[in-house]
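Enquirer: Annotated domain 'EGF-like' per TrEMBL: 193-224, 235-270, 281-316, 373-408, 465-500, 511-546, 557-592, 649-684, 695-730, 741-776, 787-822, 866-899, in sequence order. What TrEMBL records for 1-22 is signal peptide.
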């Protein structure tokens, strides 16, 4: 950094160095702030509005703070980091002469200027601090050389550490009428025109490119050297963290390229692992350290031991080996499955082994329980003793009615008593008898009696409680005591298991096994003999009505005859119907009717077609006696015309039907239209009238000579009309072609559109630089552009410009510049010719003008060559060529350049400032004594 800042070029006559004026005012109309504001028209922004012709507090051009303060600060935001050359400050004068008698000098003394990258001046660099000036010597305006880079320029003054030198005010104000910050608007440049590039990685001096400061990550005189030695950032003053493998961190950001050493994390590896993690990348978890403290971020070791239930250096091992608690020093009981108890509480997670209880499984089962969770009961042990707590076995046997090792099973299997050694009878429902007494609780099963249900029924009884009687068994034997069934069958005419039912269902005799036929009225035959009492149903005969009618008879008493059944078989004995149909030519249930309705043959199921005149065919053979209707043929007229024929006798031919299908056999019409190229109901006409294809619905193109295209394919036999192409001549020329066979090329139509396919004309005009109906001619006669309407500029040696963009191939004539040489040079120094590309003047501008092309009149307050000089400080606006104050002087001054002080009468404003001056030059003791 620079250690010395020069306050230059300003005295009572504001002598500004011409060389600094080529820099740009970076502060103009930028956002500004101040520590306080006196009035609404004294805002901080007035110090950067470019106006300072009225230097009074109430003139609306000066920033002004509240008085009586010990500190005052004003700043401007340049909108980004800029390379600054110098700062221009115009302090308020109330339009009085600036000398030791001006009351504002005491408030200006002791001021400082800072350059910072934040709004805090302490974060920046002190550019200038006044320690040498007096009221008589402090200049106004003042230029401060300040070759630094930064975003904020801060003006500061204070009266916080008295005593102060003679002439200093007791408090401070912001009384700034203008602050201009000159420098390069683009970072990384220097020189009067900010046109030169600083060395790489360097914030250079805006004048001579010396590196004032290196960008973060670089060091050295020319900022070529990257930070090393585990440093990074601005001036290499920041230390890297612990990068993995001890490598250097990124010299700009400090980030570690290959990660961090164990126990550290973050881009810069400067953060220790936390959150109970450690090791490389903090990806390893450490156990539960005592007191919840963090384990060692590198090794994972817990400094004060482990929480209950954990062990190991890192407290990441749960207690095992049937231990738990602090230090794993407590033993736990017998957990189910031999699993480890809870490492903290000692509780068994899945319960206890059989015979043990409580959370830690350290208590044997009691109270006549045993097994897992002591949830099983061990029954009634003999003498009431406790069963084994694990197996539930009774040591001395069981009480009466109980069995099993655990005496928890009542006697079953129809046993009871001590040791379940006694048998009981058949209890109702198959239930167990009382396991102690053997009594059946709900009575006996069918066929049994007695308390223990061990006696069978007798005396022709059976069933529940032996209360049911059994029927007439063959031979008079006892029925079954349970079911009542007869063991040797029933008497004749009776049936059923118990022989208590008479024969029915047209049966009779022993076991009701003989059938008695179909009795008239459906009555039952005699249950012993089988005779029908009232005769037989229709179709049956005999005493027992068990014989069907025969001899081609049927019906009641077999008195009706049946017709001609197929094959001469017997008709149905009841209805007379023929079972296998009729002889050929006959129909009806009894085969007594001839076929009709154009049918014939067996069952009249065959059709005999349409006989001529609509007559019936022969009912047996189906032959038509007088021939067939139109469209049919064959003896029976049951075949339609085929082979593309139709009509009477199938003697007429039909055309080409679509898909090769047969035309209508009567009319000859094609049902689905015609094959391609044919038309008409019968598809016997070729397409015409410039049509072709299916149904002649496709139009063919413009065939040469207007001839008909092929009626099937649409192809033109002799080629196409002009502008058309393709087999069918239905495609217009494209691809910038036109004419016969599209063999002619058209020019460059505007927008790249296709020219007219017949004539080649462009519909919307031509591309820039082209003309003619077909846009195939380039502009000439010093014209260019769209429709050749643009006139070429002043090209060197009168050479024509480019016909498309108007550019001059060999540059411009003297006095012109730009791509098309249509721009005129400004007022270059010594009437030099400007650069023919950008219009810049190689040796600067003439008097009264400035700018890159020397075409801008001097701004207010500037004059001379390239506007390098400032008007006199007391001038209200000078002539831009010679500096003469042609708009008058500031109050109190006169002369051509407003250099002479004018004697003037005392005014109220003057008297107020004289009073201020007197107050500033008196001590507080003098004022208040």
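Glycine residues also receive a Cβ, built from the backbone N, Cα and C atoms like all the rest.
Automatic prediction, not curation, is the source of TrEMBL annotations.
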Enquirer: Restricting to the domain 'EGF-like' (695-730), report the mean pLDDT as a whole number.
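Expert: Looking only at the domain 'EGF-like' (695-730), pLDDT averages out to 86.
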Enquirer: So how many of the residues in the domain 'EGF-like' (866-899) end up helix, strand or coil by DSSP?
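Expert: Summed by class, the stretch gives 0 helix, 6 strand, 28 coil.
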Enquirer: Helix, strand, coil residue numbers for the domain 'EGF-like' (557-592) per DSSP?
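Expert: Split by secondary structure, the domain 'EGF-like' (557-592) comes out as 5 helix, 6 strand, 25 coil.
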Enquirer: With a Cβ cut-off under 8 Å, give me the same-chain residues at least six positions beyond the ends of the domain 'EGF-like' (695-730) that come close to it.
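Expert: Residues packing against the domain 'EGF-like' (695-730) from afar: 673-674, 676-679, 686-689, 738-742, 756-759.
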Enquirer: Which residues of the chain, 6 or more past the ends of the domain 'EGF-like' (511-546), have a CB below 8 A from one of its CBs?
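Expert: Sequence-distant neighbours of the domain 'EGF-like' (511-546): 489-490, 492-495, 502-505, 554-558, 572-575.
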Enquirer: With DSSP helix as H/G/I and strand as E/B, how many residues of the domain 'EGF-like' (281-316) fall in helix, strand and coil?
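Expert: Split by secondary structure, the domain 'EGF-like' (281-316) comes out as 5 helix, 6 strand, 25 coil.
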